[in-house]
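The transmembrane segment annotation in TrEMBL covers 12-32, 44-73, 98-122, 142-162, 189-213, 305-324, 366-396, 408-428, 448-469, 476-498. Residues annotated as coiled coil in TrEMBL: 261-288.
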Amino acid sequence: AKMAAAASDLLTGWCLFGLALLVILVFCWIYVRKYQSRRESEVISTITAIFALAVALISSALLPVDIFLVSYMKNPNGTFKDWADANVSRQIEDTILYGYYTLYSIILFCVFLWIPFVYFYYEEKEEDDGNTCSQVKTALRYTLGFLTICAVLLLIGAFVPLDIPYKKNSTEWEKVKLLFEEFGSSHGLTALSFSISSLTVIGMLAAITYTAYGMSALPLNLIKGTTSAAYERLENTEDIEEVEQHISRIKSKCRDGRPLSSRDRRTVQQLEERLRTLRRRERHLEFIEKSWWAKFCEALRPLKIVWGVFFAIVALLFTVSLFLSNLDKALHSAGFDSGFIILGTNLTNPLNMLLPVLQTVFPLDYILITTIVMYFIFTSMAGIRNMGIWFFWIRLYKIRRGKTRPQALLFLCMILLLIVLHTSYMIYSLAPQYVMYGSQKYLVQNNSYVLLLILAFLLDQCIVTRTYLFLHKFWFFSAVYYFGNWAFIAVFLIGLIVSCCKGKKSVIEGEVDEDDSDMSDDELSVYYH
């Protein structure tokens, strides 16, 4: 009966997972279709963007699932459940591990092969609309560089393990043989872990740039709202009249037949471009004023304020917990050589205090972890959408509703894939013991039951999450993540100050730019009616 109940619970879990997968795919399709340009959309780039975004969201869901499964095998008193014998536990661990293998391999495939190929294919297509074979060859040539980087990372991770017991008199052949034996015994885990950790460092930089800003900007934008469309339209009308009068004053200089000076011609040209932009703004504002969707969103204004306050609380909880966790590592870890790793918690933080309390009521702790992970992803999306895609000081692409180029969407999805990889370590930094063991407890010899506090001699009694195995294969990556957390906190505070000082956003923020063509206004009815 107990086995049947366990099987029923697992079946229910798989059904919920399937439902979540369907929801993720629907969300990805809506998100990509919302932002992609209708005039430049392509089937391959659309499928690639949807698939990559879905992989990012599914990967972010691995951490809560991993924690739940290792916790589910134990009773609250610290004993294993009847059905969770050694073989079943090993099967569950292997299933989780294979899940990580699969998703992380797909991420490597997307980052180093599929997304670069599709990106360079469309870049070449814009320059040469003729020969498809030539476009494919050029795209493959550029993609080969990414594949080379991937191969190098895999080789470094596979054949340069951290600890191999060489004998003092070992020959070079014996050393090489030991390398291959180590690679075989780890089933490629070390190679994959090194490659993923390398990408996670890039994801850390993306999180510092986009997620930290998104966490500060998103709540404040929801609370402050946008300016009134009617008020903006009135101001825009005044600007149009002012520009038209300025153009008329300059052109009046040549009424007697004299040509305009080169300086006046340049000024008129700039003013006419400015006038075209203002007229496009006028059309957008007029559409929004008449749009039922805009009126519906305005009616939801109180709900947006509530969501903004909630997101602000989550952001502050996240940042304060991250600060205290990093401070704990700075004060009590063994330092740089150990990757700033500590066993136990000396300085508690709000999240560490909250999770043990929520563990008493299933499944509140998993809901909290899932909420934080998804919040991390959606604030990353908000940060990329607000800032655009940059390469150092050069702005490459803008993310705008209905006008985003295929290449920009591919960049967005690649950045999200990298940020998702860093999410697991961010959560580990906030609650290391919970990420390692979930809600497991261990059985003490005197038959009293206590919460797990020390990790060193209890590994045989508690099952470690597979996430932890990927996170701490290489200590120097942990050291890099430690300094990255400080940079994340600093950027969040800077973004918070900037967002507080900025006024309300325009109701058509990012919808109209000077480099837009008048043809882009033909799609207005798709979004506002």
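Please read every residue number as a count from 1 along the shown chain.
Glycine too: its Cβ is placed from the backbone N, Cα and C atoms.
Stretch with the largest number of CB pairs closer than 8 A to the transmembrane segment (305-324), among 44-73, 189-213, 366-396: 366-396. Long-range neighbours of the transmembrane segment (366-396) within the same chain, counting only residues 6 or more positions beyond its ends whose Cβ lies under 8 Å from a Cβ of the stretch, are 31, 35, 56-57, 60-61, 63-64, 67-68, 206-207, 209-215, 217-218, 311, 314-315, 318, 351, 354-355, 358, 408, 411-412, 415-416, 419-420, 423, 426-427, 430, 434, 510.
Counting residues 6+ beyond its ends, the transmembrane segment (476-498) has Cβ neighbours under 8 Å at 197, 200-201, 204-205, 207-209, 211-213, 215-217, 220, 315, 319, 322-323, 325-326, 329, 336, 339-341, 422, 425-426, 429 in the same chain. Per-residue pLDDT, averaged across the coiled coil (261-288), gives 84.
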